[in-house]
Amino acid sequence: MLAAENYQDIEEKILKGERLSREDGIRLFHCPDIAWLGAMADYVRKKKCGDIVYYNVNCHVNLTNVCTAQCKFCAFGREEGEKGAYAMSKEQALNLVRDAMKDPDLAGLHVVSGLHPTWTFEHYLGIVKALHETFPNLYMKGFTGVEITHFAQISGLSIEEVLIRLRDEGGLQAIAGGGAEILSDRVRGELCPDKATADQWLEVARTAHKLGIKSNASMLYGHIETLEERVDHLLRLRELQDETGGFQTFICFPFLPKNTELGKRVKQTSMWDDLRTMAISRLMLDNFTNIKAYWVMLTVPVAQVALGFGANDIDGTVHKETILHDAGATSPTALSENQIIRIVKEAGRIPASCDCNFNIIKKYE
Ligand code: SF4
């Protein structure tokens, strides 16, 4: 490969499998040659995980959008009583999944919700338990580090006790990656001061991994963070992954400004920024196996191109996404499995459906 001018040293490190430094990460964000960056990330992806692209046949369950945190980048959260606010009953949650079960290949649930001001931890747990008991064959992935921190705060239990109860009573098999946003006190202090801090989010992941529960990681970028803060975020995740090895996939979420307070002063990221961030994530997170192109936020065409910029995971069928569509996502609210298979095959790769722990269910060579 012909390295971009002044980037030969980084290319050499990548080809030798050497770890990139903070300084390297920052330089990559200024690299003018996006094609070279993509080629580097694709080289590492191929070497590390081959040509399989993972996806889930799953259903998203968002129990409530009522949330005490009111993050400035969020279009989903509402105050109690506000127009559009909802809080599902147990029966409504069960009915949503019954409807999704019309797809005979449905394999699992992804449960994330707002921080409801009056729901107790027992209430959340009761709904998840009912879902797990009614649909024992569906895998259960759910709750972010933010929600789990909230459950500990409102119940008086430790993070470990909350996780054990979610696992043992609610059937929780893996933790969702959201809520990491940018792991910086400066950014969180300005955008989301009323929810888990960076350290608390990391502590949930650390505790879960020690209990043998895998989790995902994410980064919400393209708002008020600096490029240095993006790199530092990746380094904090890399450091924890060195310690525990418990992260399964990393998801880049570009900020979607529509219907958010922050959107009045911040524009949406460009496709180039999305692809660059995807590629740099693959290069910096050398101890993560999977990097996800989340089609809901990126749009389907950009997610397909992102498969050539380091990604090997394209999320899933989703079955009615709502959180990001409130923020103006223009992608469909769901894709069929056949659509996902086609998208992956068109990118020249091998689609494989998997459970929430990346065990392959079906592979389409
Ligand atoms: S991002 Fe999550 S915690 Fe923040 S307001 Fe939205 S739903 Fe609540």
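Here the Cβ of each residue, glycine as well, is placed from N, Cα and C on the backbone.
Quick caveat, the model's predicted, so the values are computed rather than measured.
As recorded in TrEMBL, the features of this protein are as follows:
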BINDING   Cys67, Cys71, Cys74  [4Fe-4S] cluster binding site
BINDING   Phe73, Glu181  S-adenosyl-L-methionine binding site
DOMAIN    53-286  domain 'Radical SAM core'
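Across the structure, Cys67 ([4Fe-4S] cluster binding site) and Phe73 (S-adenosyl-L-methionine binding site) are spaced 13 Å apart at their Cα atoms. In sequence order, Ala69, Gln70, Phe73, Phe76, Gly77, Gly114, Cys192, Lys195 are the residues of the same chain, not among Cys67, Cys71, Cys74, whose CB sits within 8 A of the CB centroid for the [4Fe-4S] cluster site. Over the domain 'Radical SAM core' (53-286) the predicted model carries a mean pLDDT of 97. When the Cα atoms are compared, Cys74 ([4Fe-4S] cluster binding site) and Glu181 (S-adenosyl-L-methionine binding site) turn out to be 11 Å apart.
On a Cα basis, Glu181 (S-adenosyl-L-methionine binding site) lies 11 Å away from Cys71 ([4Fe-4S] cluster binding site). Of all Cβ atoms in the shown protein chains, 21 besides its own fall within 10 Å of the Cβ of Phe73 (S-adenosyl-L-methionine binding site).
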